[in-house]
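S.K.: To start, I am sharing the structure in question, which I have written as structure tokens.
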Amino acid sequence: MYPILFSIGKVNFYTHGLMIALGVLLGGGVIFYFARKEQLATKSLIDLFIYSLFAGIIGARIVYVVSYYYQFSNWKEMFHIWYGGLVSFGGIIFAFLTAGFILRKKGQSVLKWFDISTPGFFLGWAIAKVGCFLSGDTPGSIGKIPVTLFETGWVLLISIITFYILIWKKPLLQRFNHGVMFFVSFAVYFFGRAVYDNWRIDPKVFLSLNYSQIASAISFIVLLSVIYFITRRKMDGGYNV
């Protein structure tokens, strides 16, 4: 493992942090490209990224604290973000809720923005997960299975497919209403996560499932309901957010 990528003097450059930064830059660049391509307002895109990023960090920490409360000896440790870690899907929920609120306030089409942000978001996430693996985070439990690499490959595959759809299969996407690609992508993600999280070193709490698998299964079911609602509204004459 390489938690420290390199050092300059006494200053250490940590692999995970640098890969997250690289993911934000490249993923953000892809989102900016598709936003310009779809003629969406990009003037305040940086502000949107910053607010969503901070909200995501807060959300990821809250979900971690709730899921792994038994690791803390006192309440003050809950605010020490370097103690323990973060839960990615908590950050996803908080980040996109924040982005949706800001976009709605600015009169933008929230679901259209979410669709065009899908490939860039998953690309950035895949890059960040590489840093997660190199830093030695989230190891597997059976035969030292690198669970993080499973997630990296799964997330990268989603990014590639959605990128392909936006570039070469736009007519296919136009058959559905805004938001379908976004929610389907996350449904696919949570389905995969419910499977490969079986090899994480986490306590089994219900039906031989850990907290992450249960949360992923619930998220998958909720997303299927949202997809059904959006597609039904499209058939009934359209739905736009």
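Each Cβ is built from the backbone N, Cα and C atoms, and glycine gets one as well.
Feature table excerpt (TrEMBL):
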| type | residues | note |
| --- | --- | --- |
| TRANSMEM | 13-36 | transmembrane segment |
| TRANSMEM | 48-69 | transmembrane segment |
| TRANSMEM | 81-103 | transmembrane segment |
| TRANSMEM | 110-128 | transmembrane segment |
| TRANSMEM | 148-167 | transmembrane segment |
| TRANSMEM | 179-196 | transmembrane segment |
| TRANSMEM | 208-230 | transmembrane segment |
S.K.: Short question: which residues 6 or more past the ends of the transmembrane segment (48-69) have a Cβ under 8 Å from it?
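M.R.: Non-local partners: 24, 28, 78, 81, 84-99, 102-103, 211-212, 215.
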S.K.: Which of 13-36, 110-128, 148-167, 208-230 has the most Cβ pairs closer than 8 Å to the transmembrane segment (179-196)?
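M.R.: So the stretch in question is 208-230.
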S.K.: At a C-beta cut-off of under 8 Å, are there same-chain residues at least 6 beyond the transmembrane segment (13-36) that contact it? List them, or none.
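M.R.: Long-range Cβ neighbours of the transmembrane segment (13-36): 2-7, 42, 45, 49, 53, 113, 116-117, 119-128, 130-132, 134-135, 137, 163, 166.
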S.K.: Can you work out which residues elsewhere in the same chain, 6+ from the ends of the transmembrane segment (208-230), have a Cβ less than 8 Å from its Cβ atoms?
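M.R.: Here the qualifying positions are 67, 87, 89, 111, 176-177, 179-180, 183-184, 186-187, 190-191, 193-194, 197-198, 200, 202, 239.
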